[in-house]
Amino acid sequence: VLGRAMAARGAYRCIECNREATELYRDYQRGVLRISICKSCQKPVDKYIEYDPVIILINAVLCKAQAYRHILFNTKINIHGKLCVFCLLCEAYLRWLQLQDSSQNTDPDDLIRYAKEWDFYRMFGIASLEQTSFFIGIFITLWWMTPEMLKRKSDFILLLKALLLSTYGKLLLIPAVIWEHDYTPLCLAFIKVFVLISNSQAIRVTLNLNRILPWFAIFFGLILENGVVCLFQKMGWDV
């Protein structure tokens, strides 16, 4: 029923040319399935429906546009909210750990423990505000540059979902901290770059844009995010 509803809305997309498709495969009964061929590019609409999830994940990590289209348009994945919260928890934990390392107070008093717990919640709130400002900067830039791409509420929701899913790289923060090494700061920098590349690919695939405009939007998103960081620093908060 869900598949028929999606097909009626033309929700499927060819992962090669991004054209709409009415179906991903045709069921001839008795276990006989045939992948649909795109009428535009004459290639399979979605070859990934036959692939193992691990292969799809590897292709997504490699930032292949086809894998992103498969995940965003041809599957019903609703983990973006939970994934966002977990990524923010990872980032908050990293900041909280760095804050504790900079503090030399080892007093076991309950008041100190409560203060440290409050620091973690504060770091979570700051990370959430920074990510929100980053996304707002992206949306404002894209709406200003390409208003025709974001006319409907569903377009905003789909782009937000794509951005949230593309932040999965932040999950690598935890192993980078657990297996601490002299090169940990460099690893954290690479993780940040990887997340930005994933964000760019998500914007490009969702709105079918060239490679330049997504990076332009990300640049303004970073400016707004850094503005929020500077504001917190002026308030005397450790971020």
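Quick reminder: no glycine exception, Cβ is built from N, Cα and C everywhere.
Among the features that TrEMBL reports, transmembrane segment is placed at 123-144 (among others).
Among residues of the same chain six or more beyond the transmembrane segment (156-179), those with a C-beta under 8 A of the stretch's C-beta atoms are 68, 71-72, 77, 79-81, 83-84, 86-88, 90-91, 93-94, 97, 131, 135, 138-139, 142, 150, 187-188, 191, 194-195, 198-199, 201-203, 205-207. Per TrEMBL, transmembrane segment is recorded for 156-179 (among others).
Residues annotated as transmembrane segment in TrEMBL: 186-206 (among others).
What TrEMBL records for 212-232 (among others) is transmembrane segment.
Beyond its flanks by at least six residues, the transmembrane segment (186-206) meets 18, 63, 65, 68-69, 72, 94, 138, 142, 158-159, 162-163, 165-170, 172-173, 176, 213-215, 217-218 of its own chain at Cβ-Cβ distances under 8 Å. Residues 126, 129-131, 133-138, 140-142, 145-146, 196, 199-201, 203-204, 239 of the same chain lie 6+ residues outside the transmembrane segment (212-232) yet bring a C-beta within less than 8 angstroms of a C-beta in it.
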